[in-house]
Amino acid sequence: MSKILPSSMKDVHYDNAKFRRRSWFKMIVQAFANSSIKRECVTCSTGKFLVLLMVGGLAFLMLMNTNSIDHVSDRIRKTIAGREEHRLLLNGVGKFGRFWRKPPRLPPRLSPDEILTNNSSTFNPGNLKGDSKWVIRQRSVKHAFIHAWSGYRQYAMGYDELMPLSQRGIDGLGGLGATVVDALDTAMIMGAEEVVSEAGTWIETHLSERINGKGQVNLFETTIRVLGGLLSAYHLSGGEQGMGDMKLKGPKPHVYLEIARNLADRLLSAFTSSPTSVPYSDVILRDRSAHPAPDGLSSTSEVSTLQLEFNYLSAISGDIRYGTEAMKVLEHLKTLPKVEGLVPIYISPHSGQFSGENIRLGSRGDSYYEYLIKVWLQQRTSQNGDVQYLHEMYEEAMKGVRHLLVRKSIPKGLVFVGELPYGPKGAFSSKMDHLVCFLPGTLALGATKGITKKKAMEENLLTFEDMENLKLAEDLAKTCFEMYLVTTTGLAPEIAYFNVDGYSEGGHGGGNGSSEYANDIIIKTLDRHNLLRPETVESLFVLYRITEDSKYREWGWQIFEAFEKYTRVDSGGYSSLDDVTVLPPRKRDKMETFFLGETLKYLYLLFGDENVIPLDKFVFNTEAHPFPIHSAVEKQ
């Protein structure tokens, strides 16, 4: 983005062929080339005095290498202040006055950053404060969001995802217009009113018909993206007296709620069709039926990452069925055997038991741990029963992570989280998915419950375990950021491996030989892609809110700049990349819905005011859709 300059220098350095600064020397010479001015100046004593004074002043300025004609004018005006002749000149009387008066100046063309600053609105502009640098950077993120939306709207409106290079849409998530719903609450938070209107109108006009007529969808993906997006939009548009002061365009809150209930009623078949408390993975929407995946198994993360959404729907609708069915899953998981709180990544809906021994916090395992603490935060003040067991499960699991999965790389000692693909008795793998970078934010949130570290320490709220988790959160956040810096593009790969004592993974580095950790991080050929994922910026956002350390903002800005440089498609939208270790990186022709729903939302909030969606009053689902934390949302 353009560099923002001090206001007095903007028109000097910003390139605009129609308005460049006039040379003071040429201006003086051209003015005195007019003979009538010369005659009038030398026919009076005052004129002679002024001419001499001016010549002397110009000579002095040339010796001092001064660049601004304004300094000359100020010096002369001070010298002859009080003289009637000077008063007349300043008022523009006569040709001499025209000489001293500055020429008319057209406003300079604004840089892109300034245009955003002057013309963009935010979620709550009155709450913005602090260094204007962050306001400008926040507006840059909003500009990126609008660019992403514009590509989707033009080429793929109503499809699940945009293929920005092919300039067409694709349905990979069931055909429910997932990008529309995923992006809606981001637009609301940013105050992007036109996007809110366009997305809201499409949802009101088309989504119910899609839900009633579509076939197979994945329970997990549909819940976190579509159901979660509808419920968040309900609150942010004023539902249950939520954010009614926003006065946004688009449908009334009850429209989002009614559509959400229609969708959830059909998704419930995944729970009611299963012989156990573990739901099936796939739902046929038009038939209100469900079935297991082809291999018969469900992902542990998928069955345990539905509760925030269904609990909130029960609270605002008064229908307890949604929350009751979803919470049965976690209540069942509580009874199953674990390895120091850690669980395998597959589970059978037929037997209700875990399948295999693969333990990891990457794909298929990640959000199980995230929802343990988040569902506890959401439900601890509700009247829906005791959920303290969730906090106990979370604490036990984090102890297990520190004991069994955390290692340090060599030679520089980056802290990372590895895997146990064959269980606790098998070999340790130094593989770490980018998905694991959700963990720093989750650890920090679990430690302070959303308030700042400073406040938590002042009120003596942090236990020894909390402090351990906060330290691990900051160490892991640094590792996640270094996964970006180690590559040529400054964007992280989908998967990284770490050199550890006694064992080194084969492969190549990230291409940035100047990185301090170039020898610690290995990126294999098949793992070098980047999908515009949000997990690292999510953790930077949470850690900045909790620690108030501005380095997390700076890290987030570097990541955003890399996204802008290498993934932006000029015709509209952003694209995932094939290989982050080479220049120029080849684009994959896919813009995931979570780029608008999560990545840009978390970056926008990272650069904004901490009172917008505060972490002690909201909980974000795993797709970054915020739900309020308070018992008042429950129907009386």
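Even glycines carry a Cβ here, placed using N, Cα and C.
Here the structure is a predicted model, which means the values were calculated and not measured.
Here CYS480 is paired by TrEMBL through a disulfide bond, and of CYS44, CYS437 its partner is CYS437. GLU221 (active site, proton donor) has a Cβ environment of 19 other Cβ atoms inside 10 Å.
Of GLU221, ASP366, GLU494, GLU535, THR622, all annotated as recorded positions, the residue with the shortest Cα distance to CYS480 (disulfide bond) is GLU535. The number of other Cβ atoms within 10 Å of the Cβ belonging to CYS437 (disulfide bond), over all protein chains shown, comes to 29.
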